[in-house]
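Visitor: One structure, as structure tokens, below. Some questions next.
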Amino acid sequence: MLSGVWFLSVLTVAGILQTESRKTAKDICKIRCLCEEKENVLNINCENKGFTTVSLLQPPQYRIYQLFLNGNLLTRLYPNEFVNYSNAVTLHLGNNGLQEIRTGAFSGLKTLKRLHLNNNKLEILREDTFLGLESLEYLQADYNYISAIEAGAFSKLNKLKVLILNDNLLLSLPSNVFRFVLLTHLDLRGNRLKVMPFAGVLEHIGGIMEIQLEENPWNCTCDLLPLKAWLDTITVFVGEIVCETPFRLHGKDVTQLTRQDLCPRKSASDSSQRGSHADTHVQRLSPTMNPALNPTRAPKASRPPKMRNRPTPRVTVSKDRQSFGPIMVYQTKSPVPLTCPSSCVCTSQSSDNGLNVNCQERKFTNISDLQPKPTSPKKLYLTGNYLQTVYKNDLLEYSSLDLLHLGNNRIAVIQEGAFTNLTSLRRLYLNGNYLEVLYPSMFDGLQSLQYLYLEYNVIKEIKPLTFDALINLQLLFLNNNLLRSLPDNIFGGTALTRLNLRNNHFSHLPVKGVLDQLPAFIQIDLQENPWDCTCDIMGLKDWTEHANSPVIINEVTCESPAKHAGEILKFLGREAICPDSPNLSDGTVLSMNHNTDTPRSLSVSPSSYPELHTEVPLSVLILGLLVVFILSVCFGAGLFVFVLKRRKGVPSVPRNTNNLDVSSFQLQYGSYNTETHDKTDGHVYNYIPPPVGQMCQNPIYMQKEGDPVAYYRNLQEFSYSNLEEKKEEPATPAYTISATELLEKQATPREPELLYQNIAERVKELPSAGLVHYNFCTLPKRQFAPSYESRRQNQDRINKTVLYGTPRKCFVGQSKPNHPLLQAKPQSEPDYLEVLEKQTAISQL
């Protein structure tokens, strides 16, 4: 009962706390800030509220949210300033006049993914500036006064992918500044960079997808060779890198220069001549040169438009240079009055390059709100506004645009023909919006478009022929959307070199009509998709493996079925992916036809099978030989053990005569039939030991107490039982039989051992035979052994033996014995010495 009451009280308190939390969050949204829920994320808009510290704001504790603090008075961020903001995923601190961020200011923001510090007065990024932001993926710090970055400033931001540092005062980058981050986008435009080394900087951004280096005073000398070499090896979007110095390369694009242009090999004879010629040019130009040619930045407190009057590329025809001199080379167009929309910042490189209009985060809801219209805009940045629809007439007066940035808005609708007038547009950013469907008329008029960014939308469908009008399209980012499939021939009319399909919902991707339409040497990112590694993915596997150049940026990782989850597609065998299908090695193989002027086409051609190589790899050969050797050793060892066991299975007689047990032997009769055995050195015939104990009931084997000699003297007869008589007796499990046979004296004298030498060859078949069973006894161990001389003296007197053996079957003839000793009892009793001599002689046989 008490436990139930306790449980109810706990639930009540939890409910009250949750209600209070909701009430507090509601009060914040109602009184201090404007709150709006979008995509299950709460947007807390606290812009221009005059906050001097964020400790005055109490955020909700049980919901994730985006916090907008733009346009406040947060000039300094103190330690633990955001300790209560653990559920914030996005934090906007732009236009606050922020000058200092102290150590631990961002502690508590463990889930923060995007941080915006743009349009402030920061001068340095220290190693401890971003402590606590382990989950940060997007950092925007453009339009500040940043002139120095410490080497470990980004070392804790292991998940950082996008870094925006454009329009600052950076002279150089410290070594290993990007060592611990995996950047995909880096913006360094509008700084004061002259060189960029490979060691310590470029070597750590190998996974970069976009790097912008425009509007820097690049020093195109031998020091720029590492950057030039790096640019020649990548295919990512870089932007225009224009030389500022030396004089001879002023205004040239670095990507169009050769190594000889950057670092010429001058001989001693003409080096002085070229030097004096260059000095003459400089002296002639100096009186008339506009100071604006030297890129400088006005004090950023007032933030006036940045003027970078970069000269137009000079004429390369030597005749013109000699006729008109350098004044003609650097002559620019007549000044044109520049107009800039209110609430925007406009900069210009030169009158012929147009105007850069920066209207980021100005709360515009429509593009038509930009008044007055800018004059000849070259680049228009409308990032981070509240645009929801791009109307058909919004961009009619922006035909000179080269770049249009509409990212991070709320655009869900683009009316048909909205971009028709943008015939010169090369870069279009539509990332971070709410687009769901792409259709062909959406991109009408963009025949010059080269770079299209559509990542981080909610795109679920792309209509056929959507990109057909984009004949110059080179880069297409569709990552982080909801795509499950692509229509046939979707990329047929493009010239793509970079395609990003990362983090969508693709389980399969057909080759025919999709991948086979991609041009040569394309880089494609297919990672973070739920790939289903079954038979349907074999086309994609073949396409990736038969490509002539490495086109896959990241590996294709299987998500299903469960047995292949987490495995890389290219490491899976065909049988593992599709075990029930026929052998695919004899099936369809993708053939690739390359042409320098035409896109690569992947076609299915039965006659264009790849050449089959029958050579066995060395590693496989060595492994096979090793297996054969091991099997041979095992087989030989088994055969040896088998033979050894067979040999041990043959019975043998011990060689030690003192420990010999009588086993079996055969006695030669006049007529006999018996089994044969090989004679050994320790055969039983060498000697017959005295009997040991009473082993059977036959009297002849019964040893009586007292003198054993008297026993032999009283022995009256030998017992013999014929087969016929045995038949009359009742059957018993065992019975005893003894036999005595006198050995006839040999016709010729010979050794006793020769008696049984060829006994195996003298087998004769008896006329009739009967089956007789024998039970024998083991004789006692003899107490002494006579000498050899004694045995020799009594050898001729041996005339009988006693047969002992193990139980065995044999055939005994029923013929009547002829020896007188077998017909009656002995005529006389044996003498003791005679018995002893006989026993001694027999024991030596």
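Glycine is treated like the rest: Cβ placed from N, Cα and C.
What Swiss-Prot lists as compositional bias 'Polar residues' is 283-293. Annotated domain 'LRRCT 1' per Swiss-Prot: 216-265, in sequence order. What Swiss-Prot lists as domain 'LRRNT' is 331-373. The repeat 'LRR 1' annotation in Swiss-Prot covers 63-84. Sequence annotations record features per position, and here Swiss-Prot assigns repeat 'LRR 2' to 87-108. Under the heading repeat 'LRR 3', Swiss-Prot lists 111-132. Taken from Swiss-Prot, the feature repeat 'LRR 4' applies to 135-156. Residues or ranges marked as repeat 'LRR 5' by Swiss-Prot: 159-180. Residues or ranges marked as repeat 'LRR 6' by Swiss-Prot: 182-203. Annotated repeat 'LRR 7' per Swiss-Prot: 376-397, in sequence order. What Swiss-Prot lists as repeat 'LRR 8' is 400-421. If you look up Swiss-Prot, you'll see 424-445 marked as repeat 'LRR 9'. Summarising the annotation, Swiss-Prot assigns repeat 'LRR 10' to 448-469. Residues annotated as repeat 'LRR 11' in Swiss-Prot: 472-493. Taken from Swiss-Prot, the feature repeat 'LRR 12' covers 495-516. What Swiss-Prot records for 22-621 is topological domain 'Extracellular'. Positions annotated as transmembrane segment by Swiss-Prot: 622-642.
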Visitor: Report, as numbers and ranges, which residues of the same chain sit near the repeat 'LRR 2' (87-108): CB under 8 Å and 6 or more residues beyond its ends.
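Guide: Long-range Cβ neighbours of the repeat 'LRR 2' (87-108): 41, 47, 59-81, 114-123, 126, 128-133, 361, 384.
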Visitor: So, by DSSP, how many helix, strand and coil residues make up the repeat 'LRR 8' (400-421)?
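Guide: Its residues divide into 0 helix, 5 strand, 17 coil.
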Visitor: Averaged over the repeat 'LRR 6' (182-203), what pLDDT does the prediction give?
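Guide: Over the repeat 'LRR 6' (182-203), the predicted model scores a mean pLDDT of 90.
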Visitor: Short question: which residues 6 or more past the ends of the repeat 'LRR 11' (472-493) have a Cβ under 8 Å from it?
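Guide: Residues 209, 237, 431, 447-466, 499-507, 509-510, 512-514, 517-518, 525 contact the repeat 'LRR 11' (472-493) from elsewhere in the chain.
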Visitor: Go through the chain and flag residues at least 6 beyond the ends of the repeat 'LRR 1' (63-84) whose CB is under 8 A from any CB in it; none is fine as an answer.
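Guide: Tertiary neighbours of the repeat 'LRR 1' (63-84) are 25, 41-55, 90-109, 111, 116, 361.
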